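Taken from Swiss-Prot as is:
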- Leu262, His263, Phe264, Ser265, Asn266, Gly267, Gly268, Gly269, Val270, Lys285: ATP binding site (BINDING)
- Asp395: active site, proton acceptor (ACT_SITE)
- 447-467: transmembrane segment (TRANSMEM)
- 501-527: compositional bias 'Basic and acidic residues' (COMPBIAS)
- 501-558: region 'Disordered' (REGION)
- 532-546: compositional bias 'Low complexity' (COMPBIAS)
- 547-556: compositional bias 'Basic and acidic residues' (COMPBIAS)
- 911-930: region 'Disordered' (REGION)
Amino acid sequence: MTAATVRGGTPRDSVVSVSNRWEGAGVNKGYAVYCDADPYFYDAPHRTADRTGAARSRYAAASSPVPEGWQRHESGDWLALRPADADLPAQGWKIHVSACLDNAESVLDRVWRHCVDGGTAFKFVPSRYLLHQRNAKYADRAGSGKFVTVYPADEAEFERLVGELSELLAGEPGPHILSDLRIGDGPVHVRYGGFTRRDCYDADGELRPAVSGPDGVLVPDLRGPVFRIPEWVDPPAFLRPHLDARSAVTVTGMPYTVESALHFSNGGGVYLARDTRTGARVVLKEARPHAGLAADGADAVTRLHRERRALERLSGLACTPEVLDHRTVGEHHFLVLEHIDGKPLNTFFARRHPLIEADPGERRLAEYTDWALDVHARVERAVAEVHARGVVFNDLHLFNIMVRDDDSVALLDFEAAHHVDEAGRQIVANPGFVAPPDRRGVAVDRYALACLRIVLFLPLTSLLAVDRHKAAHLAEVVAEQFPVDRAFLDAAVEEITRVDGSTRVDGSTRADETTRADETTRLDVTTRVHGAPDAARRPAGPVAPVRPDDWPRSRDSMAAAIRASATPSRTDRLFPGDIAQFATAGGGLAFAHGAAGVLYALAESGAGRDEDGEQWLLERTKRPPSGMPLGFHDGLAGLAWTLERLGHRDRALDLAELLLDQPLDHLGPDLHGGTAGLGLALESLAATTGQAALHSAALHCAELAADGLPGGSVPADRVSRGRARAGLLYGGAGRALLFLRLFERTRDSALLDLARDALRQDLARCVRGAGGALQVDEGWRTMPYLGAGSVGIGMVLDDYLAHRADEEFARAANEIVAAAQAMFYAQPGLYRGVAGMVLHLGRTTATAPGTGPRAVRRQLDALSWHAMSYRDRLAFPGEQMMRLSMDLSTGTAGCLLAVASVLGDAPAGLPFLPPPRRSGGPLTRPHQEP
């Protein structure tokens, strides 16, 4: 139940002006598991069974009658059973049992009988599909392998059950659960943690599952991919041999010294190492048995052997690494490969791309085009050489292409490779390169090469998961921006959009025999980015029904798409949005990703109130979800503020009363979920209702938000809690916004001083990049965005400068404008994409060049590059762009609000950041200008 805001970016060693915008080339693997349940929207994985053949994979035990005197509860990925009179502790030692796909049902039947006969509470993953998903290559490593959880009543029963289950399941294979201590070499594991759900805030103000320490104070129950025992817990003596055995297995006996980790997945790690015998650098690829499953069920060890066979067949080619060694340590397998000295293509070409600049010249565009075409030709030749040796690569994408200093290329990661005589489909894939399921053999590689033609110029092919015909639009944009031969792009579009189930093993096709690709029934738990039902068969035409700058048609179209997506029968969410809806209690209601933010955007943009949606929210807030955070973007404060804004004062005040009853000193100081957001909401409610208690609470929030500032009054033991962050949602800018709004209410200049100090803290975490653009430096990447980047700081700087002149701040505000002027941003969203740039450029009072209507129009045009269609209405993709989103933070509602801020008759704005007063009315519609 973490307040998850997914963050991405490229490495900090990239050129500053590049790294902040190229995160679309990176992939947050956590999103993939939310793609199976719906072809258009992210949804909870357990809902997949409602629309696919996954329901047939449900274990018989999941449908068995509830034993007499027992209670049954199914939630998410788990089905729990417990005796009605069970008296379990809140925390303690619990037992996890792992299993493979083939023995899981047998393991479950035995554990079920043992627990029911003994009156022991337990829960289990109820279907083969969900178990496959939990053990997939890029599933959450902290939860990987967990199939059955058993809850002993005390330590004596814990020891007894560990022994009995170990004997009962002796010899059964199962993956090692990384978060647990393994008992012997079987599938039984143990861990100390919470039995019942309790929550506390961690050092960063994030809500986490909790256990209580010896003093009764709740602390985070750490659930990472590493076995940990709380420092106050003494493990039972019978665990000592297993703890010793765990420590005994190391790689010290191998003639390789690990220098750094390059990558982790459920299947194991990839490490940069050095051969101690020769001093040469090598790459170690680790594989864990029964873990890291691909779509075909192959585990990491099976795929490692596939890679070894493929690379040995390709030995001698300059475009593939040599196999140097193969080792086994315990049950872990290691493949030792030649180290290719170069950089992955995603980072290499990002340094060169001209669209990250505000105004690249013709020469710059031409030079980049020549380089990109040369790289594609080299990759195409490399793939042809691989095919000539009888191997299909089957996983070509930017991260698997290494570019050396001389621009020669090498292909990496052959774990999905197979012989050309096998008509194999993709079993692992990058979302931007997922071939349709009708492609087999070398046709998979040809599809990836076609995607690469577009990605080298415009890395937005993840959108093809929703509609493959988006390729034609992307090609048009590329042709408009770069001097590239249109035939080069047309060939890519033809390959991407064709529908041909008759693809032969050698990749040839029969053009006169086309069949519809069934993109909705492929149960693929690794790629999870199948297209929408009409993605392959829809006739060519505009992917988006209207341009964003065609106002008010675009407003009406976006609003219609949002309303068409509503699911009022659901209790967890009304509008589909980011996966964060499922990470926090009440996430589907909250302002950032839930109904509150969407309803706000509809009302503020002039699209009209959604009375049915408001009634849905009122019904769900009669009794807010247990464990819902308190914050503005993620919790109760945002709900209270939104309902007051929409005219539902009684419910707003009910929620405000809940806030007043809660201790707040454990919260972080930020705007997203901390005291800055609470203070702003409470002060706004105080102003509209006249309730003095709300104003007093807002002032208390300001005191807490002053944590760590020179003028703050918070005790020293609370100063500088958590990691330092900058920006509107998580940094000093959000706190400064609270101080500014309270200053406007009280005229207390000390609050203005606090705002100054908070903004200075944020500016101290910024760096200047190419063109003088000021961006937040996170240590390994830089960020220009509205939520966690410099543009959000610029919004608050503008408001501060309205009250007090400051030369340093005025200069910074102008430099931040440059961060909002690039020609390309990887995502469209409000807080992490183009929409935020539109909103800032339309609102800023900075005087730097690039703040006028022309700059806004250019970003509106860039926003159109991401535009999609949902039921023939304008919609936008969410985070990672594998599915559409309707929420405010990442999706269509946020884009609607941003466009309304510059084109609406009554300009819209973010909460607490009102739009500027414009004497001349809305911006001239770009499509109406000469």
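Residue 1 is the first one shown; counting continues down the chain.
Each Cβ is built from the backbone N, Cα and C atoms, and glycine gets one as well.
Shown for the compositional bias 'Basic and acidic residues' (547-556): DSSP residue counts in helix, strand and coil, namely 4 helix, 0 strand, 6 coil. Take the CB of Leu262 (ATP binding site) and look out to 10 A: across all protein chains shown you find 13 other CB atoms. Take the mean position of the Cβ atoms of Leu262, His263, Phe264, Ser265, Asn266, Gly267, Gly268, Gly269, Val270, Lys285, the recorded ATP site; other residues of that chain with a Cβ within 8 Å of it are Glu286, Gly292. Note: Asp395 (active site, proton acceptor) has non-local neighbours Asp413, Phe414, Glu415, Ala416, Ala417, Gln426, Val428, Ala429, Asn430, Phe433, i.e. same-chain residues 6+ apart with C-beta under 8 A of its own C-beta. Around the Cβ of Phe264 (ATP binding site), a 10 Å sphere holds 15 further Cβ atoms from the protein chains shown. Within 10 Å of the C-beta atom of Val270 (ATP binding site) sit 18 other C-beta atoms, taking all shown protein chains into account. Counting every protein chain shown, the number of other Cβ atoms lying within 10 Å of the Cβ of Gly268 (ATP binding site) is 23. In this entry, ATP is bound by Leu262, His263, Phe264, Ser265, Asn266, Gly267, Gly268, Gly269, Val270, Lys285, whose most widely separated C-alpha atoms sit 14 angstrom apart.
The Cβ of Asn266 (ATP binding site) has 25 other Cβ atoms within 10 Å, all protein chains considered.
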